[in-house]
């Protein structure tokens with residue numbers, strides 16, 4: 001057999017040769033430094049037989065980060081071994097320690113356990129200590145294949161491993177990996193030995209997780225760890241994590257009184273508090289203004305609909321698992337609205353349409369409901385009830401590209417208005433092997449081609465993601481990177497030839513015949529809840545003036561200045577600005593501190609001098625730090641703030 005090296009040269013090897021054999025054939029130093037390899041683009045360990053003719057790249061200690069998924073997975077096994085040793089030292093037998101799944105994930109790994117007593121967060125440093133001791137033993141990772149019967153016999157007291165093994169094919173070998181006396185069911189691959197693993201790791205947290213994600217199954221304890229090729233990378237990651245905690249929208253949402261989630265109301269159903277409502281309405285107002293300029297018409301639809309509506313659209317039963325169960329009313333079935341588009345189609349169909357009427361652009365901030373498992377709910381970014389900035393455009397074929405480009409322009413404008421300039425674009429197309437898609441083959445091909453033509457025309461960088469399309473049509477997603485470098489999918493545009501067919505809608509063309517319109521789905525924010533959650537973290541709660549729920553705090557130095565402060569508040573309020581007076585008995589420094597903690601962007605301090613001259617001392621928060629100005633004429637400042645507010649800066 002032979003393998004192909006990165007420089008294109010072929011290396012002859014005996015049949016069944018491994019990556020380690022390839023490294024040894026090149027030279028003993030390379031064999032000593034090798035950690036893993038890629039074969040035809042897939043990571044493999046050094047002991048796995050290579051396919052004949054495979055293109056291989058050897059990964060060495062000079063570039064261990066290239067093998068990050070391997071060393072993270074191997075460290076997961078080391079952690080699992082350490083947990084076993086920890087509980088044995090406490091007097092528990094091995095059959096009391098049961099394990100679920102333990103994959104590598106982004107930046108690390110997790111492992112699910114069923115333990116005789118729960119691990120506490122304060123136990124994790126001790127587990128880390130045992131892990132480092134296991135690394136020092138330099139235990140080899142050994143792969144072996146066994147039959148299904150042998151596999152079941154390996155874990156007689158572990159129902160989770162038994163279930164996993166029972167689900168494997170009878171006629172295929174089962175692979176185990178072993179280091180020292182620890183054995184686990186695993187496909188691999190792994191590092192050569194524990195001594196070759198990086199020491200830049202940390203156990204982060206524990207949580208509960210249903211076995212196999214099913215709420216009817218037992219809750220296991222999930223332990224998370226992270227690992228990097230170097231301590232510098234780990235330190236940078238931990239610093240970023242601390243910054244993410246500081247910006248956590250759930251924490252800031254409470255502190256800034258933006259939203260709350262009340263268990264009596266229900267999980268995943270946020271309540272918008274007055275401050276959060278202001279923020280939400282500013283977002284909606286901004287988009288409505290843009291939509292008005294572009295010829296959109298507002299509509300309102302109910303929060304429930306007849307089940308037949310969603311059967312016609314195809315949302316039911318295609319996404320039945322993600323929707324709330326139907327309810328029966330007057331011998332008919334209804335369900336909470338999972339999407340706005342079928343309702344908008346019926347509005348389009350409510351009267352005859354001519355080619356002269358098109359395009360029809362219908363927009364709504366419509367609340368929809370999806371059933372998310374409770375373990376997946378997360379503040380505002382994963383909820384069960386949310387409001388989409390939904391619009392649906394109905395157009396002729398000759399109008400499609402122009403309408404698509406206009407929607408694309410609007411979405412980019414929205415994102416850049418909020419400082420989200422690092423944007424990439426993702427075109428979701430069909431997976432030809434999947435049967436989840438509905439509609440005519442020719443229409444799918446046409447829609448996919450026209451999306452790509454539109455994106456090419458504006459010169460946007462993009463990737464094509466097969467299988468990422470909606471069930472009714474291809475789409476363009478906008479992926480933004482926030483200040484922490486995290487990527488979020490915000491905004492989507494979808495071309496849909498399918499729903500017009502399913503609902504049999506039409507317009508009368510110039511030829512007097514009925515024609516089928518093309519439909520575009522569009523939501524620049526995606527959902528207001530998720531967008532607000534991301535904005536809170538993007539700005540760390542320090543919103544620009546126009547978005548800030550509390551824009552101006554007037555701070556009188558003494559009680560005798562309260563009347564002047566209230567006069568200024570009244571004038572700012574009349575001008576359309578959100579202003580308050582802190583007339584508490586606290587000292588001025590304490591009032592400033594309170595306003596700082598509330599992240600109010602503008603503070604106006606007034607004392608004797610300011611009152612006599614109708615002036616204010618200004619203290620502003622900004623990303624660059626604090627800016628202070630003294631002796632500013634109030635009328636000039638009011639005009640300045642109003643101009644900034646209207647310009648949305």
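Glycine is no exception: its Cβ is also placed from the backbone N, Cα and C atoms.
Site annotation (Swiss-Prot, ligand Zn(2+)) includes 341, 521; from 392, 515, 538, 561, the additional listed residue is 392. For the recorded Zn(2+) site, residues 341, 392, 521 set the reference point as the centre of their Cβ atoms, and the other residues of that chain within 8 Å of it by Cβ are 339, 340, 344, 345, 390, 391, 494, 496, 499, 519, 520, 522. According to DSSP, residue 392 (Zn(2+) binding site) sits within a strand segment. For the domain 'TGS' (1-60), the DSSP-based tally of helix, strand and coil residues reads 14 helix, 23 strand, 23 coil.
Applying an 8 A CB threshold to same-chain residues 6+ apart, the list for residue 521 (Zn(2+) binding site) reads 341, 390, 391, 392, 470, 473, 475, 492, 493, 494, 496. Counting every protein chain shown, the Cβ of residue 392 (Zn(2+) binding site) has 26 other Cβ atoms within 10 Å.
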